[in-house]
Amino acid sequence: MDLSAFEADNSVSCRLTSPVPDACRTEDCCLGIDEAGRGPVLGPMVYGICFCPVSKKEELKNLNVADSKTLTEAERENLFLKLDKAKSFVGWALQVLSPNTISTNMLQRVKYNLNALSHDAAIGLVQYALDCGVQLKEVFVDTVGPAEKYEEKLSKRFPGVKVTVRPKADSLFPVVSAASICAKVARDHAVKGWTFAEDLGEVDTDYGSGYPNDPKTKSWLLKYLDPVFGYPQFVRFSWSTAQTLLDSKAFAVHWDDDEEDGEKGAARQKNTSMLSYFSHSKPTGHSPTHKTHRFFTERRLQNVDTF
């Protein structure tokens, strides 16, 4: 699977697609939706769709697709190759949501939670298929949140398409299993081939599973926590595991906003105000030979006294 479009800038989200089979533009089609990487604190979440003519459902089933979580990595890779070779009647598309996209959306002032992100990713992929001329008649979805509400939401958004939302849909409908495999293979490749924008030297790639309760993952998070700038963009810093470690291991900084009393508010909380870094007077004991942190040098940022 070619992830070069995402790897070019893994700080933002990216859509990856296969060619759309001609048969999907002329025959009634079914489409499955599933995701990979919803729970991990490391790496992207990938939403995937797979579609084929309704008349080819049995052929898709005969490829022996199954829920990606029940398969080994080698089995998933082999099944993805089979799906890719069946390009005369099978198409797929993926929305790769970067860790940075997930965290910044979840922590913005107007909260955009993971369920909303997931729903919008799924809706965007279905709309992509329709825009490409795929003759959608049936959509099968692995649920996010209450199945009935999600089914109603999608049915209203796509009138004329029969929508079925079920828990464990990836083990019930082969077209959802196929979407699950595409999404999981893409996530595995993205995590294995992750390019760190930060200057971390030779990175230890023994992340563990990436799930918050994995001791290897926790150890990696501790190892690469910068006490000032936090985590590299590989980490979903909005996850409670990452936030807990930041609260206990990183320096506390008071962020000034309209509701706070600037540096006085910071002093009351025994923190440092961000405004103090831009004051004209140098802190006591400041040395002109102090080495600038790599965050600034990598971005060619310099101190200024006037604007």
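Even glycines carry a Cβ here, placed using N, Cα and C.
According to TrEMBL, the features are:
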- 28-251: domain 'RNase H type-2' (DOMAIN)
- D34, E35, D142: divalent metal cation binding site (BINDING)
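Shown are the binding-site residues D34, E35; of these, the residue with the fewest other Cβ atoms within 10 Å is E35.
For the domain 'RNase H type-2' (28-251), the mean pLDDT of the prediction comes to 92. Long-range Cβ contacts of D142 (divalent metal cation binding site) within its own chain (separation 6+, distance under 8 Å): I33, D34, E35, V165, R166, P167, K168, A169, D170, V176, S180.
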